[in-house]
Amino acid sequence: MSVQHVYEITVIGGGPVGMFAAFYAGLRQADVLLLESLDELGGQTGNLYPDKILYDIGGFPHVSGKDLVTQLKTQLVHFHPEVKTATEVQTIDQDPDGFFTLHTSQGDFRSKTVIVATGGGAFTPRKLAVDYDPALEGKKLFYFVQDLETFRDQEVAVAGGGDSAIDWALALEPVAKHVSLIHRRAKFRGLEASVAALEKSSVTIQTPYLIESVTPQDDQLAIKLKEVRGEAQPTLTVDKLLINYGFVTDKHHLQAWQLDTDRNGILVDTQMQTSRPGIFAIGDAVSYAGKLPLIASGFGEAPTAINEALSRLYPDRRQALHSTQLYH
């Protein structure tokens, strides 16, 4: 499309929440553009954690990241939205007519409204805070799991105390020869059901310990631990070490887009409206009282933002009916 074409809604971000937002906009018969900075749709869920099992998605007792993304892609294409990957939005200007020009790495696009669904922004994993040979990364030491088979029949240690660390320890349990979970505190920060499952599992819990050193030993890793407020210094010998210390996010693009933020994300009101009228935000990108960083929450925010955007464009148009009345 040329710069002269004006989309009704442009969704920035092709993760699960962005894909669902683009689908729902199609359900409302809107002219939609979906922009994604990565080469593939799916966000962190599809690109970093394809084998991670999700338990908090409505309608799925459990579903892997890659299977959820596959289902969302199937849903998305029903209304044939315009989708552009490998497209980074650099700035968003408001034009004299009140609409927006999005300046991107692949040219300019015009849109009447914008929905930001960029998740946590660009991200890098928090690294292990001890010196180690960088050549170990991707061979013996990992920050992401892209294929569970990499860990099959291996002695595996997982480091971390949040939901991701617990989830990966449980996911690896039936695949690996044995799994140990290392955490610096006595208690874990995960969901109660996950912690209960961990306690019933065969995973060896190593708490409260810090990792003091990681050194190659023959074809394995020797992980020296240090007890927090104690004297014990055991050593674990494993085939692979998975670090789950969270991520450092880069949200510089939010400043370039001139959106008001706090330490948690983009500030929005109850209609998901940002500080710039006509630009909305949903999913893990946003901040409001009571916000939960769940895909399920983002799925609920998407229709709110889309319907408000269309109400802004067409105040006299009948608003959304139940989806069963719309989708055939």
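First residue shown is number 1, and so on along the chain.
Yeah, the Cβs are placed from backbone N, Cα and C, and that goes for glycine too.
Under the heading FAD binding site, Swiss-Prot lists E36, Q44, Y49, V89, F123, D284, T324. Long-range C-beta contacts of E36 (FAD binding site), restricted to its own chain and to partners at least six residues apart, with a cutoff below 8 Å, comprise G13, G14, G18, V83, K84, T85, A86, T87. In the three-state DSSP scheme, E36 (FAD binding site) is classed as coil.
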For the binding-site residues Q44, V89, which one has its C-beta crowded by the most other C-beta atoms within 10 angstroms? V89
Out of Y49, D284, give me whichever of these binding-site residues has the highest number of other Cβ atoms within 10 Å. D284
